[in-house]
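Q: Quick one: structure below, then a few questions.
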Amino acid sequence: MALMKNQTHISHFILLGLFNHTPLHLLLFSIIMAMFLVALSGNGLMILLINTDSRLHSPMYFFLSWLSLMDLTLISTIVPRMAIDYLLGHGSISFTGCGLQILFFLTLLGDECFLLAFMAYDRYVAISNPLRYSVVMSRHVCWLMVAGSWLFGLVDGLFQAIYTLSFPYCGSQEIDHFFCDIPAVLKLACADTSIYEALIYVCCILMLLLPFSVISVSYLLIFVTVLRMHSAEGRKKAFATCSSHMAVVSLFYGAAMIAYMRPQTYHSSKQDKVVSAFYTMITPMLNPLIYSLRNKEVAGALKKFLGRCLCGGRQE
């Protein structure tokens, strides 16, 4: 009872952030903001090109437009808040605001896990069974896959956000992170969270390993199919259509597995911040660059779009 009386309920948290107010950190902050602008413009442009160019109205680009939307939303959930906190010199966030940030972050993270798996399956069908591609990957099926991605992500985000904030929080209000990441938040709880942390660990492994298994099997089957091709040109084209997606999967899952599949004893706040910055800022910036630079159809659509803009500007 004495312990409960000494506990005071926390109505808000304080995010300690990623940077200090030093010349070096100011430079790093400026780089992060430049990356944010590149991510916004790159993903926004990908969505615009895919929806306006008829040559990109295929299942692969349909999924890519949703991936760009998820990346754009993910980085917008984290960076603007972090930038405001840094510029104002304090990172106060309400209890509800912290819960919403956890919800959006985990929902989008889960969305991308499953969407990348469906994109790998799409490439498998396109290469291994091209004659049935339009039937297997119909518009209806593609919409169901996207809806399933959002549903799985939302269920995971809701469960973890509600359960995390159900613990009593008292004493210190300082979260040693630049956003409300669950492991950092749970350190402030005034209750035993060990069982829940173990549950989160298992949940994260499942959310990562299940889609990653689909991706691995899909690309293994693709590899076998490509090896059986007699045409060198066909093999080259098949690898070209998959290379961009494989690069994106490597970046996203590499960072996510380092962040969530390491035992808690190997975690440190500095390492967690760096890894989190990678998949919340760097990956959303790189994804549209990878697809635009490594994909001739996207590059062609971009040239066509820029040509229309330049011609329209001259006529005016």
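Placement of Cβ uses the backbone N, Cα and C atoms for every residue, glycine included.
Keep in mind that TrEMBL annotations are predicted by a computer and have not been checked by a curator.
From TrEMBL, for reference:
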TRANSMEM  26-49  transmembrane segment
DOMAIN    42-291  domain 'G-protein coupled receptors family 1 profile'
TRANSMEM  61-79  transmembrane segment
TRANSMEM  99-121  transmembrane segment
TRANSMEM  141-163  transmembrane segment
TRANSMEM  198-226  transmembrane segment
TRANSMEM  238-262  transmembrane segment
TRANSMEM  274-293  transmembrane segment
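Looking at the shown structure, can you explain where the listed features end up?
A: Proximity of distant same-chain residues to the transmembrane segment (99-121), defined by a Cβ-Cβ separation under 8 Å and at least 6 residues beyond the stretch ends, is recorded for 60, 63-64, 66-67, 70-71, 73-74, 77-78, 81, 93, 145-146, 148-150, 152-154, 156-158, 160-162, 164-165, 179-182, 185, 207-208, 210-212, 214-215, 218-219, 245, 248-249, 252-253, 256, 279-280.
Cβ atoms under 8 Å from those of the transmembrane segment (141-163) belong to residues 59, 62-63, 66, 99-100, 102-115, 118, 182, 196, 200, 203, 207 of the same chain, restricted to positions at least 6 beyond its ends.
Non-local neighbours of the transmembrane segment (238-262) in the same chain are 60, 67, 109, 112-113, 116, 119-120, 123, 126-127, 201, 204-205, 208, 212, 215, 219, 222, 225-226, 229, 272, 275-276, 278-279, 282-283, 286-287, 290-291, 294-295; each lies 6+ residues outside the stretch with a CB under 8 Å from one of its CB atoms.
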Q: Quick one: mean pLDDT on the domain 'G-protein coupled receptors family 1 profile' (42-291)?
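A: Within the domain 'G-protein coupled receptors family 1 profile' (42-291), the model's average pLDDT equals 87.
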